[in-house]
Amino acid sequence: MSKTFKTNRCNACCSGCFVKCPTIMAIVIFTITIFFIAYLAASLNLKLEGDISGDIKDERTQRYYAFTNAKDALDSNNDPVPQQSLSTYSLQVIYKDTSSSKNLVGETQLGQMRKIETKIIKVSDYSNYCVLVNNGTECSNTSSVIPALTVGTTEPNEKPSDWPLHTYGSEIDPDFNQVKNSLQEQYLNSSYLYGSDYSNTTQSGQYLRSFFEFGLPLKSYTNEFSDRDSQNDDYSTWLNDVVSVLDSYADEKNVEVVYGGDYAILAELNKLLAHDSYFSIGSVYFVFFYMWFATRSGFLASFGMLQILLSFPCALILYGVVFNIKFFSSLNILAIYIILAIGADDIFIFIDTWNHSRHQGSPINDSLLNRMKWTYPHAAKAMAITSATTAFAFLVTAINPIVEISSFGIFAFCLVTINYILVITLFPAIVVMYEKYYSHHHCCWCCACKRKIKGGFLSYEKEQNVCCSTCGTKACNKVCCCNCKRSDKLAMDWDGIDTQEFDDQKEPALFQKPDTLYEEDSDVEQEGKNKDENQEQIKSHENELFQTVKLNKKMDPSQMTRVERFLYLKFAPTITHKIFRWVLIVVFLVIFIVFVVAVAKMKPSDNEEQSLPDSSNFVRFLKYSTNNFPISIEQKSYVQVDVTWGLKGYDISNVNKFDPDSHGTVEWDNNFDLKPTQNQLWIESFCNKTAADPSIVSENDIQCVMVDFHQYRTDNNLSFPIPDGGNHEFGVALKTYLEGPGRNDFFQDVLFSKEGDVKLMTASFSSLLKMANNIPYTKLKPVYDDWQNYVNNQNGQAPYGVNSCFQTADGWWVWMNTQKIFIRSAITGSVSSIAVAFVVITLSTMNWRIGLLSTFTITCIVISVLGCMQLMGWALGVIESICATILAGLAVDYVVHFAHAVNSSKSKKRVKRVRDALYSVGVSIFSGCTTTIGASLFLFLCYIVFFIKFGKFVLLTVLFSFAYSFLFFLPLCTVLGPSGHGFKQGDLCRRKKQPGDKLREIEFDDQIEKLPEIESDEDTKADPDFNPQPALVGDDLQENDKL
């Protein structure tokens, strides 16, 4: 009968359930998990984007959204608008001749262009989205260089000679002269369609482009404001069909095709996101096969991966239903790489702890139940500390005002939490199932080989046939065996041990207590006698001292894995050497100082950040449209600043930033009044004065309705300003003017109340900022400050009623503040996460020394990663700031594992504590590091630059975490770590010393020294203190064992 040892009731109950009915436990937990997902999945309502981005508490953000939502807020009458009569969306297609001629004005090239544009027009439901003219009976003409585009009704042939020309009807043009003449005439009126290199004389040029216009309101909608989100979604969905047509011609011979415009770039980005997401499958396969390799079990690897993957839908339910967060950023997709690393790490911890339980002596390895009672609390506690530290480090980012970052932090917190719950509930049952039903019946190759055995653990010298297979239990006598019983790592066939006992066991050898040999003499004849004497002496000391804990028993290194033997017998003596450990500490401190200097030189990015590679459609489109075409009427070469009167702000009191459907309320400036004549004159004067100020305006290109309205009144011999006698004269006159022909642009700059008064007025100016895809903070901030100071100064001089204007810049000021938050959060996020890590580690270990050493090491890792990023040429842009914000959450794992292991070791000396930590969790950390590196390498294959940089960032973090934890933290613990027996230096809680404690310690040390000295093999001789007390030993053994 196996012995038992005391443990708490909860652990005994859980362990009993896992061991006695593992299959039922696994099925029950799996069923509960699936039911949890299926039952709550119907309530899940996630959206990939929201109406509000940036910091909604910032004044610039509120003003921007007040400006963009003012028209919608004032549209209370819901006046109907003809279907698709308002040009709202545009699609620009650019063609580049890639042949040697570099001239698109040729029969072949123009034929290809016409074929492409005809395909676009024939896309299904094109007429339901184009701008309608002639009372909604036909689509408007497309701005294109293809003359036959608007009248061609049949599928064109490749030869342009078959085109029906718009100038000559259906007349055939065999010499191509009519087409050239038509292009010459068109160039005079639409030169913006031709590239900057185009010559109208020679009719040659490498670049041409076309514009397609699409309008609102769509069918079944009243006007452009009616459920605008749904109209945008409808258009975006339909545009995917157009994009598919363009993509099919992207590699057309001699003609390169790129496109851009409203929602076209979003369509491409979604396509690239879908493409890059497939690489996560590669990461899953890599982690799975490595788990198979590390555990030597496809059964454990399969169910381990299933448990990790189940974390994702469960976390989505917790994130979206329990926490009621509807916003789901594309950034959250990266969390799958994080949970693959953390989940695999937890699995390695549990399996390695389970394997260590075999070597803990009686009564732990007497039965499967005792092994689980010992394994479960130790593994659960180790994983709880690391999971809590990582989860709360991510949760700190929830306070970030940027919803994309805060939602990522919360989602990562949910993933880590759910993964921990599954690994302590589902996976123990899987491990017991494997041990009971699968581990001892499997096919293996077993061949006889000669092994020369001399001294040491086997205590004799001779050659003998032994099983070369790691699963064999005895020599197989030169035959192959199948379904062999699996025991410990290597064969256990030697004289003096009856191998038949392994064959007759009711339980597989894996569950049995491994025999450990203690021989003092190399003489084979004395083997049995010496072994019995040693066993009796050791058992006597066990009963006298700890009863259940092995003391100074020599474990056979052959029962360790190669990595364990290397870490304990080779690596540990090296890093704990009294001289070399100081060398390592000094070297890493110097490296830390170097990176501190590098981090001090980090600064915000001065250049535009590129989110896609150069080969992407969007980057090429931006390059060609900026560098190879003149600025069109529709395009702006400079950032436009809008000065608005009539708005006060945007009420966000009821806004939930995690709910995309949560909207604020536009706040109107009730003091705004254009009835007084001096107010009308002031706005006109403001526009003229601002347009002439070269310190803030790049060119005298303004759009101010008051200036044009004054000119209109003067040209028509009408008075200006207009006195208002109480009958809304000014509002009526201005509305009449705006309803005239050619004034649609101005109509967007003025809003009227139901009574006819002017409710809002906007004037637009070209700033000094050159238009670009992404303008960095360092360029935006000076221009914003100049404009803000100018507007504030003008408000101070303005008469009452027009003295509360504010300026916006189409979201650029919001983006400027967002970049500032990224930079600030990179610092505050790291500091906060490190502080949280210190609190969690200190409280979980109840030792302030471990807490301080761990926190300092984590700080070194964070600084080193940031410094390396700076040395690699990475400025502190958006991508780098996001990575820095979550850096601490990724950097804590390995250090925390070692911290807990060092603190939990039962050894008295610091050096032995470090060796015990290496033995207990060193292999797990190595495996976790390998899986994380392998998973992150797949990100290098992505198209999106952010994913590539994130992969490099994860790789850097893992490498520095691994190096600092093994080569800096452990040597540091040998110098400053906790030491002592029972109550260590740095413990937060100490029991009051009792009389006789000192005497008992002396007696304990004396009795340890009296234990028989054991002769060892070469590895053990190299390590005279070889006493692998796993760091997870003894916390839950008999509580009544006293010194």
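Every residue gets a Cβ built from N, Cα and C, even glycine.
The annotation compositional bias 'Basic and acidic residues' is assigned in TrEMBL to 994-1024.
The feature domain 'SSD' is assigned by TrEMBL to 323-433.
Positions annotated as region 'Disordered' by TrEMBL: 988-1043.
Here TrEMBL flags 21-42 (among others) as transmembrane segment. With a threshold of 8 Å between CB atoms, the same-chain residues lying at least 6 positions outside the transmembrane segment (21-42) that come near it are 303, 310, 313-314, 317, 321, 422, 425-426, 429-430, 432-433, 436.
Among the features that TrEMBL reports, transmembrane segment is placed at 277-294 (among others).
The feature transmembrane segment is assigned by TrEMBL to 306-325 (among others).
According to TrEMBL, the transmembrane segment annotation covers 331-351 (among others).
According to TrEMBL, the transmembrane segment annotation covers 382-403 (among others).
Summarising the annotation, TrEMBL assigns transmembrane segment to 409-432 (among others).
Sequence-remote contacts of a segment are chain residues at least 6 beyond its ends whose Cβ falls under 8 Å from one of its Cβ atoms, and for the transmembrane segment (579-600) they are 860, 863-864, 866-868, 870-871, 963-964, 967-968, 971-972, 974-975. The transmembrane segment annotation in TrEMBL covers 579-600 (among others).
For 821-843 (among others), the entry in TrEMBL reads transmembrane segment.
Residues or ranges marked as transmembrane segment by TrEMBL: 850-872 (among others).
Outside the transmembrane segment (878-896) by six or more residues, the chain places 331, 338, 341-342, 345, 385-386, 389-390, 393-394, 396-397, 400, 405, 408-409, 412, 605, 609, 819, 822-823, 825-827, 829-830, 833-834, 837, 841, 854, 857-858, 861-862, 865-866, 869, 925, 928-929, 945-946, 949-950, 953-954, 957-958, 960-962, 964-965, 969 with a CB less than 8 A from a CB of the stretch. The transmembrane segment feature in TrEMBL is assigned to 878-896 (among others).
Only residues 6 or more beyond the boundaries of the transmembrane segment (917-948), in the same chain, are considered here, and those with a CB under 8 A from a CB of the stretch are 269, 272-273, 275-276, 279-280, 282-283, 286-287, 290-291, 294, 334, 337, 340-341, 344-345, 348-349, 352-353, 356, 382, 560-561, 563-564, 567-568, 571-572, 610-613, 616, 879, 893-894, 897-898, 900-902, 905, 954-955, 958-959, 961-962, 965-966, 970, 973, 1028, 1030-1032. Per TrEMBL, transmembrane segment is recorded for 917-948 (among others).
Sequence annotations record features per position, and here TrEMBL assigns transmembrane segment to 954-976 (among others). Outside the transmembrane segment (954-976), and at least 6 residues removed from its termini, the chain residues within Cβ reach (under 8 Å) are 337, 341, 571, 575-576, 581-582, 584-585, 588, 849, 853-854, 857, 860-861, 864-865, 868-869, 887, 890-891, 893-895, 897-899, 902, 910-911, 913-914, 917-918, 922, 925, 929, 932-933, 936-937, 939.
The list of residues near the transmembrane segment (850-872) in space but at least 6 beyond its ends in sequence, with Cβ under 8 angstroms from a Cβ of it, reads 588, 591-592, 594-599, 601-602, 830, 834, 837-839, 841-842, 880, 883-884, 887-888, 891-892, 895-896, 899, 902-903, 953, 956-957, 960-961, 964-965, 968-969, 972-973, 976-978, 986. Across the range of the domain 'SSD' (323-433), the DSSP-based residue counts are 95 helix, 1 strand, 15 coil.
Across the domain 'SSD' (323-433), mean pLDDT in this model comes to 87. Same-chain neighbours of the transmembrane segment (277-294): 300-302, 304-305, 308-309, 333, 336-337, 340-341, 344, 347-348, 927, 930-931, 934-936, 938-939, 941-942, counting only residues six or more beyond its ends whose CB sits under 8 Å from a CB of the stretch. Outside the transmembrane segment (409-432), and at least 6 residues removed from its termini, the chain residues within Cβ reach (under 8 Å) are 14, 18-19, 22-23, 25-26, 29-30, 33, 299-300, 303-304, 307-308, 310-312, 314-316, 318-319, 323, 325, 328, 332, 335, 338-339, 342-343, 346-347, 350-351, 354, 368, 372, 375-376, 379-380, 383-384, 387, 390-392, 394-398, 400, 886, 889.
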